[in-house]
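Structure first, then comments.
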Amino acid sequence: KIVEGKIVNKIESGKPVKAFEQTALHTEKEYLEKYIKYDRDSRQLSFTIPDKNKAYQFMYITDVYGETGDAVNNKAFIQGEGDVDSVDKRYVIPNRAIDINKSIVAELNIKKVDGNDKPLKGVEFELKSVDGLYVASKTTDENGEIIFERLKFGKYKLKEIKTLDGYIPDTKEYNVTIIKLKDNYEIDIETDGNTDIRKDKNKITVINRQIVPSTTSATLFVNKRVEGKWADKNDVFKFKVEFKYKDGTPFDGMFDYYLNGITGKIGNNGEFELKDGDNITIKEIPTEINYILTETDYKDYIPYEKVKSGTITTKPQLHRVEFVNRTTTHGQLKIEKEVSGSVDDKSKKFKFRFNIGNDPDKNYTYEYKGSDGEIIKGYIKAKDTIDLSDGEYIIIKGIKFNTTYEVSEDVDNNYTTTVNGKDGREEKGTVVTEEGDIVKFVNTRIVTPPGPNTPDNPTPPKPTDPTPNTPPDRPDRPEKPDKPDRPEKPNLPTPSIPSYPIDDTPNPNDPNSPDNIVVSDEDGVPLGTYTKRENPDGSIEYVDEDGVPLGDSKLVKTGNEFPQGTLIMTSILSLFGLIILRRYRKNDR
């Protein structure tokens with residue numbers, strides 16, 4: 001912090017003195033960064049005075065490392081218009097400062113030994129923090145030990161960068177974590193199954209196995225390395241080794257080998273597996289023996305060399321062989337969505353399910369484009385779901401060649417679906433090119449034409465081949481009994497079904513016409529109830545309870561009613577006879 005003030009004259013203990021009087025305090029980040037700078041290389045802290053006419057106090061806190069009683073010197077000097085002598089300040093570290101610093105820093109102790117626990121001097125290690133702010137390298141002393149001091153809590157990478165001649169190098173990089181406890185700290189290291197790394201409390205011991213050549217034998221050292229953007233450190237590669245005499249006859253002996261802390265024996269046509277950074281050492285191979293190393297399974301990588309061979313000579317030596325694979329160009333899978341219909345249809349989300357390869361937990365990178373055009377990137381598992389609406393898509397990247405996939409859309413009965421132009425909701429395939437595959441789903445809303453009844457009850461569409469327009473067979477209608485003498489009309493209550501006279505019934509094709517009616521004769525006597533019926537040809541008519549249409553109904557008059565039809569017909573015939581008789585008489589005259 002920076003304290004701004006002025007120098008004032010005061011009287012203390014009866015004597016005049018100059019004292020600092022505070023007028024302002026600055027702790028704002030912007031202000032401090034403007035006037036305070038720190039150089040990590042020179043470990044020099046500088047402060048620029050904002051106003052030369054004012055007085056300032058510059059206060060800071062720093063970590064002090066050392067033993068109790070050690071002296072620390074700080075030198076301060078001012079650069080300006082005039083020369084000012086520098087000022088030294090001596091500070092003795094108290095016990096309290098040591099206790100405080102021990103609680104906030106840690107040490108990493110490493111010891112290097114051979115297979116017989118003999119300390120190894122001259123082995124170099126590098127330790128760096130994952131954020132890159134701390135990088136240091138040290139070499140083991142006479143006791144095979146080094147100490148990385150003043151470490152903050154967090155994650156680091158430890159690697160052996162220089163190995164003694166005659167010893168098997170350790171090419172792996174190990175993760176180290178310094179964990180803060182209540183009053184102390186703990187160091188953890190991931191050994192990746194290497195039994196040659198031991199941890200005792202916060203001290204790590206690393207073993208280097210010695211290569212012991214003889215005048216008649218040598219050692220074969222095989223290392224594995226992968227490179228490329230899509231390289232997977234966990235991929236396992238398979239190898240086969242052959243041992244033969246100079247004339248090609250197979251060698252039937254067995255040799256000791258050492259692989260990631262595990263020992264065993266291997267002979268002609270022996271097989272082993274290596275991951276990135278792994279190596280195998282095959283010992284005591286006699287002279288004049290030919291070896292042939294073949295990488296039999298290199299996954300989807302491209303090997304620079306699949307076969308390497310050589311001959312063990314009479315000179316004791318370490319034969320180094322390295323197999324390097326680079327990753328192939330991977331493909332991708334694009335899932336697109338298109339919806340045909342209204343604005344509501346296009347904004348509707350449809351759910352998709354996909355499964356890529358045989359490992360459902362494998363992570364892939366993806367690129368997603370939403371309906372607003374925004375591109376979003378992230379990670380997605382090989383077996384997952386995604387919601388897409390019209391115009392949206394997702395591209396899943398980093399899929400190895402020859403990886404199979406399945407994509408399906410959840411059923412929605414309101415839409416028809418095509419996939420890449422074919423009816424269906426599912427697509428299967430295999431990624432075999434860098435451009436990858438595109439799976440496009442198109443949905444179209446199913447529209448049902450409305451019927452004549454009501455909008456809520458649409459009639460189904462007509463069949464493509466309608467039946468001939470012939471009315472249904474009429475059932476035999478029983479004759480109505482003779483009416484009795486016309487009685488007086490009773491006062492009937494108004495029926496719930498509307499009643500119409502026979503000569504004034506409503507049009508059944510009118511959408512506002514009632515579904516049921518009562519038909520009466522000209523005297524108001526009910527003849528029956530008629531209901532709407534739709535015929536196979538689409539026509540609509542009123543029928544009675546026997547299915548007889550209203551238009552074909554006949555009113556049979558009986559009883560004492562006057563036979564008007566018969567009287568009219570008789571009158572016409574009589575008139576016609578009279579005309580003939582008059583013409584006959586005229587001719588006689």
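From the backbone N, Cα and C atoms, a Cβ is placed for every residue, glycine too.
Among the features that TrEMBL reports, compositional bias 'Pro residues' is placed at 449-472. Here TrEMBL flags 473-489 as compositional bias 'Basic and acidic residues'. TrEMBL lists 503-516 with the feature compositional bias 'Low complexity'. The feature domain 'SpaA-like prealbumin fold' is assigned by TrEMBL to 107-190. Sequence annotations record features per position, and here TrEMBL assigns domain 'DUF7601' to 219-326, 331-445. Per TrEMBL, region 'Disordered' is recorded for 414-523. Per TrEMBL, the feature transmembrane segment maps to 562-581.
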Secondary structure content, the compositional bias 'Low complexity' (503-516) (per DSSP, counts of residues): 0 helix, 1 strand, 13 coil
Average pLDDT across the domain 'SpaA-like prealbumin fold' (107-190), rounded to a whole number: 88
Number of helical, extended and coil residues in the domain 'SpaA-like prealbumin fold' (107-190), per DSSP: 0 helix, 50 strand, 34 coil
